[in-house]
Amino acid sequence: MSITVHIQYAVPKASVPLQADFLRWVKAALVNQSKAGEITIRVASESEAAQLNWRYRHKEGATNILSFPFEVPSCVSLDVPLLGDLVICAPVVAREALEQTKKEQAHWAHLVVHGVLHLLGFDHQQEVEAQQMESLEVTILESLGYPDPYESV
């Protein structure tokens, strides 16, 4: 499996994880997948995340992560599949980590893994789907050395 991760920064790089961390988290989420491809991660400001959240989900305010799976039109053939885009709001991630008394790096890892699973088609709208997705997230994060993000502190 070959994966390319493009990182776009709309906030200062000093306030976000290293590109190598993003790549490690994406690869961990894809470890049991045979899919090769490309993913773009945009590290957004709060205003940009709020605009995108309103445009695509009709919800006010910034959210921590938005996932945009790429659907290839049937008339298009790609050498390297585009898996999709993730938009992660750096200020929301920092605030949530503080509020939830989590290490910020662990929260970033969780959100990247969560987003990649959405790009692969996982969802959490129904209880059974949520349990399956959360279980997979916990397993992936533990393989990276991070604690269960759903465990109460």
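Glycine too: its Cβ is placed from the backbone N, Cα and C atoms.
Sequence annotations record features per position, and here Swiss-Prot assigns Zn(2+) binding site to HIS114, HIS118, HIS124 based on sequence analysis.
On its own chain, HIS118 (Zn(2+) binding site) has SER67, PRO69 as residues at least 6 apart in sequence with a Cβ closer than 8 Å to its own Cβ. With a cut-off of 8 Å between CB atoms and residues at least 6 apart in sequence, the same chain places ALA130, MET133, GLU134 near HIS124 (Zn(2+) binding site), listed in sequence order. Here the Cβ of HIS114 (Zn(2+) binding site) has 24 other Cβ atoms within 10 Å, regardless of which shown protein chain they belong to. Other residues of the same chain near the Zn(2+) site, with their Cβ within 8 Å of the Cβ centroid of HIS114, HIS118, HIS124, are SER67, GLY115, LEU117, PHE122, ASP123, MET133, GLU137.
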